[in-house]
Amino acid sequence: MKALSKLKAEEGIWMTDVPVPELGHNDLLIKIRKTAICGTDVHIYNWDEWSQKTIPVPMVVGHEYVGEVVGIGQEVKGFKIGDRVSGEGHITCGHCRNCRGGRTHLCRNTIGVGVNRPGCFAEYLVIPAFNAFKIPDNISDDLASIFDPFGNAVHTALSFDLVGEDVLVSGAGPIGIMAAAVAKHVGARNVVITDVNEYRLELARKMGITRAVNVAKENLNDVMAELGMAEGFDIGLEMSGAPPAFRTMLDTMNHGGRIAMLGIPPSDMSIDWTKVIFKGLFIKGIYGREMFETWYKMAALIQSGLDLSPIITHRFSIDDFQKGFDAMRSGQSGKVILSWD
């Protein structure tokens, strides 16, 4: 079968032929329809320090997809041939304390699809049936293919009660924009997103977010005053991993504010901890998606009218995968979809 693989320990990604993966007793064989390029895939393409430490070569990459069930392991129940599915990209062990305690997303033995085991940038994918999620008929293939990053956004945004709150989102990448859209959809009062990338801030404006602020040109305190915010933000969603953005968030949070952190900052990031302590801030780290409550919420949000379509900006045939990666690496894109049909 055709597959996009990391074949060499250098920049790039290559189309190759690999065997169709074998179906285990508890697995599904999925024929891939559409895949989306994640920031992780760009890191792997660029062969940065993280990738060099993490990715075995060769490796079929990719973990954002939608497809059709074409094979079912003999122990599997609840699925049938022809079911349209996406799937959780974190394969968990099932026997650690967190798995057994219902906190599966915190499994200390997690294996990543397209990172530690073959991924979805291929004609076929095998995953444990436990990880598959059936896609409702009224959700398109395009939207289903981005459920993995949408899940990061939903998990982050819904970490706290947002109704009537003022929310600051730092980082207008696709996940940050989707998180801001979720916050607005579920009843936040003001949702402000910050970045320095004007292309992506314009995408955020198309999603109906209260204010998209280019912090290289505007002062966040002026925006807060314009919105009538006298006391600061109630909720912070840190999606950028940029130390200056996080420091600004700490400066502008209200006392007792709550922050969910998905962005990965440098390991040596320094902050003024007195602001955390004297403001009584609560900071929660976010990893992946809650299995599978986040997935049900994703489907329900779309079915209740949340429109994510503006975040998908580019669509290519898999034969034009290089154009897709070029678009993602340029910073002038939202989500990029690759079609395998």
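Backbone N, Cα and C define each Cβ position, glycine as well.
These come from Swiss-Prot:
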type     : residues                                                       : note
ACT_SITE : THR40                                                          : active site, charge relay system
ACT_SITE : HIS43                                                          : active site, charge relay system
BINDING  : CYS38, HIS63, GLU64                                            : Zn(2+) 1 binding site
BINDING  : CYS93, CYS96, CYS99, CYS107                                    : Zn(2+) 2 binding site
BINDING  : ILE175, ASP195, ARG200, LEU262, GLY263, ILE264, ILE286, TYR287 : NAD(+) binding site
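Location within the structure of each feature annotated in Swiss-Prot.
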{"residue": "THR40", "record": "active site, charge relay system", "Cβ within 10 Å": "23"}
{"residue": "HIS43", "record": "active site, charge relay system", "Cβ within 10 Å": "16"}
{"residue": "GLU64", "record": "Zn(2+) 1 binding site", "Cβ within 10 Å": "31"}
{"residue": "CYS107", "record": "Zn(2+) 2 binding site", "Cβ within 10 Å": "22"}
{"residue": "ILE175", "record": "NAD(+) binding site", "Cβ within 10 Å": "28"}
{"residue": "ARG200", "record": "NAD(+) binding site", "Cβ within 10 Å": "24"}
{"residue": "LEU262", "record": "NAD(+) binding site", "Cβ within 10 Å": "24"}
{"residue": "ILE264", "record": "NAD(+) binding site", "Cβ within 10 Å": "12"}
{"residue": "ILE286", "record": "NAD(+) binding site", "Cβ within 10 Å": "21"}
{"residue": "TYR287", "record": "NAD(+) binding site", "Cβ within 10 Å": "14"}
Worksheet, complete the sentence: Taking all protein chains shown into account, the Cβ-based neighbour count within 10 Å for ASP195 (NAD(+) binding site) is 25
Practice prompt. Compare the C-alpha of GLY263 (NAD(+) binding site) with the C-alpha of each of the recorded positions HIS43, HIS63, GLU64, CYS96, CYS99, and give the closest one.
Written response: HIS43
Worksheet item: So of all those recorded positions, HIS43, GLU64, ILE264, ILE286, TYR287, which one's Cα sits nearest to CYS107 (Zn(2+) 2 binding site)?
Response: TYR287
Discussion item. If I take the Cα of TYR287 (NAD(+) binding site) as reference, which of the recorded positions HIS43, CYS96, CYS99 has the closest Cα?
Written reply: CYS99
Worksheet, complete the sentence: Counting across all protein chains, other CB atoms within 10 angstroms of the CB of CYS93 (Zn(2+) 2 binding site) number 14
Discussion item. With an 8 Å cut-off on Cβ distance to the CYS38, HIS63, GLU64 Cβ center, who else from the chain surrounds the Zn(2+) 1 site?
Written reply: THR35, ALA36, ILE37, THR40, ASP41, GLY62, TYR65, GLY89, GLY114, GLY119, CYS120, ASP148, PRO149
Worksheet, complete the sentence: Across the binding-site residues (CYS38, CYS96, CYS99, GLY263), the Cβ with the fewest other Cβ atoms inside 10 Å is that of CYS96
Worksheet entry | Distance [Cα-Cα, Å, rounded] between THR40 (active site, charge relay system) and CYS93 (Zn(2+) 2 binding site) | 22
Worksheet, complete the sentence: Rounded Cα distance, in Å, between ARG200 (NAD(+) binding site) and HIS43 (active site, charge relay system) is 19
Practice prompt. State, in Å as a whole number, the widest CA to CA span among the NAD(+)-binding residues ILE175, ASP195, ARG200, LEU262, GLY263, ILE264, ILE286, TYR287 given in the record.
Written response: 23
Worksheet, complete the sentence: Same-chain, non-site residues whose Cβ lies within 8 A of the CYS93, CYS96, CYS99, CYS107 Cβ center for Zn(2+) 2 are THR92, GLY94, HIS95, ARG97, ASN98, ARG100, THR104, ARG108, ASN109, THR110
